[in-house]
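A.B. asks: Take this structure first; my questions come after.
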């Protein structure tokens, strides 16, 4: 699709819908009152995974998004991924799996049962956060993920053949662990693999906030996609309860159970470029962002932190001056997902952006949009109602593609990729590195503001 064709189509499609943009409200921290004057608040720093494998970082990050949302990988990306896995020593001997597909997964056509050959996607996590589980407490490094609603961990129930050196939750070592009878959990991924197991109720402590009888999903089976990452022991989901995967009764998330203990019923993500960021619970740190917050309503019924993107504009890098900074209406559903690395947005926006980058192209060799590493990338502006979210070009240069060393690489992988085939755009960490984000659990709103300088 040519650039102007994409823009025209976007404009025609959304012109009548611009008035339906989400209501954005400017707010100061003083406008968001503490609900519990005796409640707690705390800052929790991320921990860098120093063993994170940088090889093929871009295609792996893109493949991980397909996996997470149970979308079938494009064949070209799958071929790229297989070569990357061979390069890093992953065992790709064919494995035929007969499994019951997850009937609740809405985003691909699944048969009730089928035989598949799985290509594992390595879910390496670059930044983790410590969480204490059990009594006495066992500290496990977990990925905080606003795009899911399950707290699941590698445990003593996980078969040794599916462990990769992770720190395990030793169930029998916790005096407070109680099995939730007749309850199980199961999550399926886009490669046909899955993770599943039993459910225990136990004490979970995040930053000094203790929740008793929190559902902890212990893995009896783990997708090989997770097994390879020895430094991540699981995931702590911060989405809404409706997408919790425990059956027959969905369980409350940690944040749902912790709300009554927090001074304010909210948390925030302060994700930083190339270094550890932090999550704040129960308070707002005004030093972490610039100006006022713009509050946006969330469609919590979806289970995700879902909102409406409304328009976009592309920056100017010395050419195409006639089309730079034109605001193009393009309404699209989107979610705020700290568990996704990339910024996945509609194809029309992606094409419009990379049209401004000389020699950028959607590569079959690298499985996504790439460009010369010496390119001066323009900014990308995404509008969320009245909020103008500028993504600096330097954040869109995500990773080297042809070589692992940024100093010698000549082709680089874009941090902005297409959400074509997905049910929504996914605003991941490329977005959060530019914009401090507040998650107001009780009011079901998101708050955005430009991050303050590092």
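For all residues, glycine too, the Cβ spot is worked out from N, Cα and C.
So TrEMBL lists the following for this protein:
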SIGNAL    1-20  signal peptide
DOMAIN    127-449  domain 'Peptidase A1'
ACT_SITE  145  active site
ACT_SITE  337  active site
A.B. asks: Any idea what the model's mean pLDDT is for the domain 'Peptidase A1' (127-449)?
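C.D. replies: Mean pLDDT, the domain 'Peptidase A1' (127-449): 93.
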A.B. asks: Identify, among the active-site residues 145, 337, the residue whose Cβ has the fewest other Cβ atoms within 10 Å in this structure.
C.D. replies: 145
A.B. asks: Roughly how many angstrom lie between the C-alpha atoms of residue 337 (active site) and residue 145 (active site)?
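C.D. replies: Here the two Cα atoms are 7 Å apart.
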